[in-house]
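Once you've had a glance at the structure underneath, I'll fire off some questions.
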Amino acid sequence: MWQLLLPTALLLLVSAGMRAEDLPKAVVFLEPQWYRVLEKDRVTLKCQGAYSPEDNSTRWFHNESLISSQTSSYFIAAARVNNSGEYRCQTSLSTLSDPVQLEVHIGWLLLQAPRWVFKEEESIHLRCHSWKNTLLHKVTYLQNGKGRKYFHQNSDFYIPKATLKDSGSYFCRGLIGSKNVSSETVNITITQDLAVSSISSFFPPGYQVSFCLVMVLLFAVDTGLYFSMKKSIPSSTRDWEDHKFKWSKDPQDK
C-alpha cells in the first residue's frame, strides 16, 4: 500500500505519524454515467479525493498501468476499444480507489443503464444510444423479445418502481434513415428484500391480507382479556378478605 502513495504525501504521513490505512479511499465517477459506450464517444472520468496543500496531483491507472495524466479529471475525447478496462485513481491524501469498469463497443446501437442489478422499487433508467448520436426514430425497447415501450423519436425509457417482473433480457431497436438497427441484448436482474421474501415464502400472496387481519383480531381479543382480568382481580381479593372460615377442632380437642 505504501508504494502507491504519492512521494510528498508519504513524507507528510510519516511526519504526522499517520498510516496509509487511516486515509480515506478515493472514488472514480463516470461522466456521463454510462459505463458501456460506443466507439467515438466522449468519456470523462473524475477522481474524488483529498489533496494536501503541497500536492494537488492525481494518479490514474488503467488496467493497473500508470497513466500520464495528473489532473483530477481524465478525458477520453473519442473512445476506442483499447480504452476498455478498469480505471482507478489516487490523490495525495487518499488511498487507491476501487476499480470502475469501462466497456467500449462497436455497433450502431447500444442499450445503456447505470447498472444491471436493481432492488425492488428502485427506478431504472435505460437509454438506446446510437453511434455518434446519429438521428434515430421509431425506437422500441423490448423485454424478453416482446415490445415494452415505443417512441416515435428516440427517448430514454424509465421504470419508476422496479418489480420482480421487470427482470429479463432487454434490447432496443430503431431506424437510422431507412436502416433497421438493433442493440445487443443485456440482462437486468431485480432482487427482492430478504424480509419481504421470508414472509412471502410462508404465506402466499392471497393469504397475506387474511393473516394480517387475524393478527389484528387476536391482538384486540388479548387486550380485552387483559383489562377484564385486571378489573376482576381487586373484586376477588375483597371477597377473599371478607370471607370467614370456620375451623373444626381436632378430635382430641373435644
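Numbering starts at 1 and runs along the chain as it is shown here.
For all residues, glycine too, the Cβ spot is worked out from N, Cα and C.
From Swiss-Prot, here are the annotated features:
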DISULFID  Cys47-Cys89  disulfide bond
CARBOHYD  Asn56  N-linked glycosylation site
CARBOHYD  Asn63  N-linked glycosylation site
CARBOHYD  Asn82  N-linked glycosylation site
DISULFID  Cys128-Cys172  disulfide bond
CARBOHYD  Asn180  N-linked glycosylation site
CARBOHYD  Asn187  N-linked glycosylation site
TRANSMEM  209-229  transmembrane segment
SITE      Asp222  site 'Important for receptor turnover'
Among the recorded positions listed here (Cys47, Asn63, Cys89, Asn187), which has the Cα closest to the Cα of Cys128 (disulfide bond)?
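For Cys128 (disulfide bond), the spatially nearest of the recorded positions is Asn187.
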Out of the recorded positions Asn56, Asn82, Cys172, give me the one sitting nearest to Cys89 (disulfide bond) by CA distance.
Asn56
Out of Cys47, Asn56, Asn82, Asn187, the recorded positions in the record, which is closest to Asn180 (N-linked glycosylation site) when you go by Cα distance?
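That would be Asn187, nearest by Cα distance.
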Rounded to an integer, what is the Cα-Cα distance in Å between Asn56 (N-linked glycosylation site) and Asn82 (N-linked glycosylation site)?
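On Cα coordinates alone, these residues lie 28 Å apart.
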May I ask for the distance between Asn63 (N-linked glycosylation site) and Asn187 (N-linked glycosylation site), taken between their Cα atoms and rounded to an integer number of Å?
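That separation, Cα to Cα, works out to 25 Å.
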Enter the number of other CB atoms within 10 angstroms of the CB of Asn82 (N-linked glycosylation site).
9
From the Cα of Asn187 (N-linked glycosylation site) across to the Cα of Cys47 (disulfide bond), what is the distance in angstrom?
29
Could you tally the C-beta atoms, other than its own, that fall within 10 angstroms of the C-beta of Asn187 (N-linked glycosylation site)?
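Step by step: centre on the Cβ of Asn187 (N-linked glycosylation site), count other Cβ atoms within 10 Å, giving 10.
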Helix, strand or coil by DSSP: which one applies to Asn82 (N-linked glycosylation site)?
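DSSP call for Asn82 (N-linked glycosylation site): helix.
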Do you know offhand how many angstrom separate Asn82 (N-linked glycosylation site) and Asn187 (N-linked glycosylation site) by C-alpha?
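Roughly 24 Å, rounded to the nearest whole number.
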